[in-house]
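Asks: Annotation comment: TrEMBL describes 45-70, 143-162, 174-192, 242-265, 272-288, 335-356 as transmembrane segment. The domain 'Potassium channel' annotation in TrEMBL covers 138-199, 252-294.
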Amino acid sequence: MTNKFQRRSSPQTTAAANGLVGASNVSSTPSTQPRKRVKRCCRNFVTFMCTQVGVGALIVIYAICGAFAFQHIERQFVDDTPTQVGHLRGNCSQLLWNITENLNLIDKSAWVNATNDALRIYQAQIASLIKDGGYVGRTPIEIWSFPAALMFCLSVITMIGYGNMVPRTPWGKGFTVIYATFGIPLYILYFLNMGRVLARSFKFVYRSMHDCTQEGNYDRRLEALENGGGGSLGTLTLRKKIIVPSTACLWVIMFYILTGTIMFANWEKWSFLNSFYFCMTSLCKIGFGDFVPGASLTTAAEVTAATEKLREEINFDSKELTKLHSLAADQHSKLAINFIYMLLGMGLVAMCRNLMREEVRVKLKEMKEDAKLCMDDTRLRFVGCCGAGPQDRYEKRRYYE
């Protein structure tokens, strides 16, 4: 009975089971499709970000986001050093007035000594505020403009560290550590990728220029002659591998530095020596911080103050106001070009590193082969002088053949 019942019920059970399986497949298909689509999109995004264009775009976005973050954090810092400087200035002025009022003006030496002591005390107090309090003569809003914050982010991720501006708040210091932790590996990835891309591009240009020269034409004619002549050497390629010399890399770097020298000298109102000094120290990642682009840029606060001053004048000229705003916009566009100049300069340094490493590797290989040939020749000459057996004579004959 049980077997018959199982036999009779098996078609229904099978149909029900098939229905459940079909329903489960139908119900699982819509849920897995979006998940696969999201995984595919994430995979494509990560693949694109690992390319040269993706890494370059990512480091620019990372620097811009960091500039906005540092602006938001550091502008909330309450700096009372300008107030302290004002009090010190007032106290010094009052002290000088008291000295002038109480002392006999006929006695010049006493008045000079007293005023020198007062000014010396004032000078020491101001120096203490600059050294310990971080007084720079500007408010945090004026210091942390977007151009200055962008250059600060660039100095952090490139490990230059100009040191002309530092975070003052605890949140800013903590965020700097986190920002550098993720930004420095990103910059190293950019450094390596951009170096490979620029090295391949420059090598292609150099080889194209070499093929246009007389030496390149001679190599091509010699190769065609040997390949067309048949024989055992017909399958060999006689054209030697073209290696970019280190002098070409140095010329490229010097041309780039001279371009930056002219650009920064005109935009930042520096001398040519100071501009060349800044470009050289920045590309070498020394970063003293005595010259930083963006220090002379017109900030939004300065534009507002100048606007109010112009409006208070009797002969108000709207053209001056328009000129001021256009000057500020032009300076910000110049800063963007400065930012690109620094990033591209780091890429050129990486390119020269790759090309010089390839040249050194080839030179070392040639030196190794020359040393091996010299040792073999010395050994054979030594064997020939001291007497040689049949095997040595055979090796000597094969070597010279």
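Cβ atoms are placed via backbone N, Cα and C, with glycine included.
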Asks: Which stretch, 143-162, 242-265, 272-288, tops the Cβ pairs under 8 Å count with the transmembrane segment (45-70)?
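Replies: That would be 143-162.
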Asks: So, taking each listed stretch (174-192, 242-265, 335-356) in turn and counting its Cβ pairs to the transmembrane segment (272-288) that are under 8 angstroms, which one gives the highest count?
Replies: 242-265
Asks: Counting only residues 6 or more past its boundaries, what in the same chain has a CB within less than 8 Å of a CB in the transmembrane segment (143-162)?
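Replies: Residues 59, 62-64, 66-68, 70-71, 74-75, 136, 176, 179-180, 183-184, 186-187, 282, 285-289, 292-295, 297, 299-300, 331-332, 335, 338-339, 342-343, 346.
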Asks: Please give the sequence-distant neighbours of the transmembrane segment (242-265): residues at least 6 beyond its ends with Cβ less than 8 Å from one of its Cβ atoms.
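Replies: Residues 202-203, 206-207, 210, 271-272, 274-276, 278-280, 283, 293, 337-338, 341, 345, 348-349, 351-352, 355-356, 358-359, 362 contact the transmembrane segment (242-265) from elsewhere in the chain.
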Asks: Tell me, roughly as an integer, the mean pLDDT over the domain 'Potassium channel' (138-199).
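Replies: On average, pLDDT over the domain 'Potassium channel' (138-199) sits at 89.
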